[in-house]
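Colleague: Below are the structure tokens for one structure; questions will follow.
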Amino acid sequence: MPKPINVRVTTMDAELEFAIQPNTTGKQLFDQVVKTIGLREVWYFGLQYVDNKGFPTWLKLDKKVSAQEVRKENPVQFKFRAKFYPEDVAEELIQDITQKLFFLQVKDGILSDEIYCPPETAVLLGSYAVQAKFGDYNKEMHKSGYLSSERLIPQRVMDQHKLSRDQWEDRIQVWHAEHRGMLKDSAMLEYLKIAQDLEMYGINYFEIKNKKGTDLWLGVDALGLNIYEKDDKLTPKIGFPWSEIRNISFNDKKFVIKPIDKKAPDFVFYAPRLRINKRILQLCMGNHELYMRRRKPDTIEVQQMKAQAREEKHQKQLERQQLETEKKRRETVEREKEQMLREKEELMLRLQDYEQKTKRAEKELSEQIEKALQLEEERRRAQEEAERLEADRMAALRAKEELERQAQDQIKSQEQLAAELAEYTAKIALLEEARRRKEDEVEEWQHRAKEAQDDLVKTKEELHLVMTAPPPPPPPVYEPVNYHVQEGLQDEGAEPMGYSAELSSEGILDDRNEEKRITEAEKNERVQRQLLTLSNELSQARDENKRTHNDIIHNENMRQGRDKYKTLRQIRQGNTKQRIDEFEAM
């Protein structure tokens, strides 16, 4: 029995190991990988390996794995990577797993500087990457340093600014907090929506020469072929959409593209190696097929995938809403519980205050009772004294009357009678005055006793109100709350040094609608505002002496108001012949 071949496939976030038979084809291995990870949008992806000469190569699906130029190692190493890119991630990517794989691959390309990204965009993308990994920022959970082990922004950007690692993390943390409420899957999609507007996103670059021998770059992407000057990979100079191309072929190092416009000459360039032309042809055929497929009605399978994805997304939204509702309910219960505890404490304090007031009222009542008794005693003594004085007065009156009678009965001298009469009259006047004062005093004591009695009654009423008030309510009791492109070049060709492929453009709808696109920053005011704020912040710490060649080109494009899609419209102006003539003249 043939000995199995051990294979290790590395995706962007996992390592898979398989044992395959010597007669296993590339498609069988590919199908095993996508089945394992649950991927249905297989047309974007391929298996990449480093061949015997050290060049990165895509595994041919129609050939046996063992018959291809894979290195003889154990296990045989492959990378599962995106080979083709969508035009618009938001419109085309269906499954969450597809979004995640693109997100991780694009992020890796930006962090390694394979895709140029300006500083302010790099920081904003870094914050979306943090949201995609950690979810909502929580200051209790995400303590200082929680980003210390994360790759956040390209090293180039860090080197260009006078900011420490902590200062970079602080900036990203602030923007992380801005994304509160955004799902992790949504954060990945937002990342890709911004990243797809970067000039180098989704482009495969190849060194070529025109007939004059000028060194140039050929860029192959989802929208067509673009020509770049050797020192500028950001700004294409000439563009050809896939809908303008009817045939592509190569013979040895010569590559020929035949336009649909029969008045236009062939578009010819030269690659340094035959294997580069093979790769260019594969990418052209695959990207052209996807370009045409996107401009035709969806197949039943794609419609079903989209419907399933919508249902899954809807279900996730419902689950999210339920979680948010439950979270808010718990927060409400916690707030109510805290409020009840505060009210309980307030009631206890009020009860203590009532008790203290009661004790004071009882003490005051006791003092007032004692004072009332004292006043009553004083009144009684004053009454007795008034009665005694009244008795003395009456006695004096009687004596006076007796004297008067005696004066009538006896003959006394006028002087003696007058003297006695004057004496008793004076005494009577004194007694009258004393009696009047005592009556006033008695009246005063009676008034004070009445006031004391009124105070006593009032105090008793207050005490009765305190003692009969309903007790504070007891604290509440809480219950515990809880989806291929059919491979372009299946064979390297019936002829060993050449290959030709016809590219059909029939039946497509709105073949150049990509020229109407605008960047995410232009259509999204929030992203535009965030990028402007970040640009202003970073400009204060930027070391202008460390700007790279790409930085200078990007800044000049920005200064002239150019972006990826405005440049695309510009480089496709004129007819095909004019653009081919421009290419030949470069």
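The backbone N, Cα and C atoms fix where each Cβ goes, glycine too.
According to Swiss-Prot:
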- 2-295: domain 'FERM' (DOMAIN)
- 244-586: region 'Interaction with SCYL3' (REGION)
- 306-338: region 'Disordered' (REGION)
- 308-338: compositional bias 'Basic and acidic residues' (COMPBIAS)
- Ser366: phosphoserine (MOD_RES)
- 534-565: region 'Disordered' (REGION)
- Ser535: phosphoserine (MOD_RES)
- 540-565: compositional bias 'Basic and acidic residues' (COMPBIAS)
Colleague: For a quick check of packing: other C-beta atoms within 10 Å of the C-beta of Ser535 (phosphoserine), how many?
Modeller: 16
Colleague: Quick one: give me the count of other CB atoms within 10 A of the CB of Ser366 (phosphoserine).
Modeller: 11
Colleague: What does the structure give for the C-alpha distance between Ser535 (phosphoserine) and Ser366 (phosphoserine)? Integer Å is fine.
Modeller: 80
Colleague: List the helix, strand and coil residue totals of the region 'Disordered' (306-338) as derived from DSSP.
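Modeller: Computed counts for the region 'Disordered' (306-338) are 33 helix, 0 strand, 0 coil.
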Colleague: On the DSSP side of things, how many residues of the compositional bias 'Basic and acidic residues' (540-565) fall into helix, strand and coil, could you say?
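Modeller: Breakdown, helix to coil: 16 helix, 1 strand, 9 coil.
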